[in-house]
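Asks: Found this in TrEMBL, in case it helps:
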| type | residues | note |
| --- | --- | --- |
| BINDING | 77, 88, 188 | Zn(2+) 1 binding site |
| BINDING | 88, 123, 381 | Zn(2+) 2 binding site |
| BINDING | 213, 274, 287 | allantoate binding site |
| DOMAIN | 214-301 | domain 'Peptidase M20 dimerisation' |
Ligand SMILES: [Zn+2]
């Protein structure tokens with residue numbers, strides 16, 4: 001039953017953001033994200049929850065407890081990247097709803113309220129900054145930085161927020177007091193190949209790797225491709241290429257520390273076949289749960305950039321776009337999840353998360369946990385992203401039990417995890 005229900009909900013939500021091209025387009029603070037939230041709002045109301053939007057447009061659906069205690073919150077996001085998949089974020093939100101449905105079905109009262117939260121703007125695709133909604137909720141957002149963001153059409157972030165019906169000036173009101181929430185838990189697709197390769201359905205995440213993001217401007221000299229001899233060139237693109245390959249080599253050396261480095265965006269100008277590129281801009285993303293390892297990759301990159309300036313007559317400017325700290329997740333929550341897994345005869349995989357998630361912001365404010373479910377071929381941010389619902393249901397079982405314990409669903413106090 002669970003499986004069919006989640007499948008049906010997935011279809012309803014993923015009806016939104018379709019275009020003639022493959023994949024889903026529900027970018028942050030667009031009509032499509034709003035429409036998906038509205039579909040979800042309807043589903044929550046059917047489950048008897050009260051639903052509100054906070055000042056940032058995060059949706060908070062709540063099932064009251066028998067006491068006015070801090071809520072046990074579950075959540076994820078419904079926005080997607082360009083040409084996104086059907087499971088990233090969406091599955092976590094629906095898993096929360098399924099837990100609520102089961103509580104309703106079993107007619108269980110909980111002492112603590114249970115919430116399902118849909119965070120806004122988790123993906124960085126539109127504004128270059130990720131997990132905006134959860135940053136605002138946990139009080140981690142830097143409003144002056146948000147004010148300066150623009151999307152690729154030049155629409156400033158504050159304007160996008162206003163167009164979505166919220167006030168940029170009031171965004172900070174989305175911050176929730178510590179006493180609002182007891183525990184936060186997120187279920188998310190792994191977006192990597194580990195669980196699938198081990199043929200295990202559930203990952204317990206130990207911490208979130210943090211990205212260091214750089215924008216690199218390489219300047220050389222544009223000139224005629226036919227008349228400039230090879231030794232007279234100051235080609236910004238070939239210089240950038242050398243730098244990118246060196247970055248890859250540097251990250252490979254740190255493989256055992258799960259450190260990764262990527263250049264996913266590059267632009268050369270003037271961009272004509274018969275002109276040597278005089279300028280090149282590319283973006284670097286270096287991630288790890290180990291900051292020292294990440295730093296080593298960064299240092300080598302700086303060093304190589306310096307060498308390149310000398311050997312190729314280029315100038316290299318490196319701008320830091322983001323430098324985030326890795327976030328460990330609550331060991332108490334991890335251990336609780338582990339115990340539930342063993343009661344359910346599931347063998348969990350302990351793993352770090354290479355991707356950022358809303359839980360990393362929540363974890364700085366509230367004890368938090370993250371469960372992974374397998375991604376077929378490790379694929380995500382892609383129209384072919386797929387997670388079997390049979391695996392999802394197993395992870396939802398874990399989440400459901402965690403909610404029973406955390407929210408005290410008809411259990412005696414002795415069985416509760418005590419956390420102040
Ligand atoms: Zn996600």
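Cβ coordinates come from backbone N, Cα and C, glycine included.
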Asks: Looking at the binding-site residues 77, 188, 213, 381, which one has the fewest other Cβ atoms within 10 Å of its own Cβ?
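Replies: Minimum Cβ neighbour count within 10 Å, taken over the binding-site residues 77, 188, 213, 381, occurs at 381.
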Asks: By a simple count of other Cβ atoms within 10 Å, which of 88, 123, the binding-site residues in the record, is least packed?
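Replies: Sparsest of the binding-site residues 88, 123 by Cβ contacts within 10 Å: 123.
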Asks: Across all chains shown, how many C-beta atoms besides its own are within 10 angstroms of the C-beta of residue 287 (allantoate binding site)?
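Replies: Taking all protein chains shown, residue 287 (allantoate binding site) has 27 Cβ neighbours within 10 Å.
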Asks: Would you count the other CB atoms within 10 A of the CB of residue 274 (allantoate binding site), including those on all shown protein chains?
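Replies: Excluding its own Cβ, residue 274 (allantoate binding site) sees 8 Cβ atoms within 10 Å.
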Asks: Averaged over the whole of the domain 'Peptidase M20 dimerisation' (214-301), what is the pLDDT?
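Replies: Across the residues of the domain 'Peptidase M20 dimerisation' (214-301) the model's pLDDT averages 96 on the 0 to 100 scale.
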Asks: Find the one among the binding-site residues 77, 88, 381 whose C-alpha lies closest to that of residue 274 (allantoate binding site).
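Replies: Considering only the listed binding-site residues, the nearest one is 381.
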Asks: For residue 123 (Zn(2+) 2 binding site), which of the listed binding-site residues (77, 188, 213, 287) have their CA atom within 10 A of its CA?
Replies: 77
Asks: Residues near the Zn(2+) 1 site, 77, 88, 188 excluded, by Cβ within 8 Å of the Cβ center?
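Replies: Near the Zn(2+) 1 site, the remaining chain residues are 76, 87, 89, 90, 91, 92, 122, 186, 189, 357, 358.
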Asks: Could you round the CA separation between residue 88 (Zn(2+) 1 binding site) and residue 381 (Zn(2+) 2 binding site) to a whole angstrom and send it over?
Replies: 7
Asks: List only the single closest residue to residue 213 (allantoate binding site), chosen from the binding-site residues 77, 188, 381 by CA-CA distance.
Replies: 381
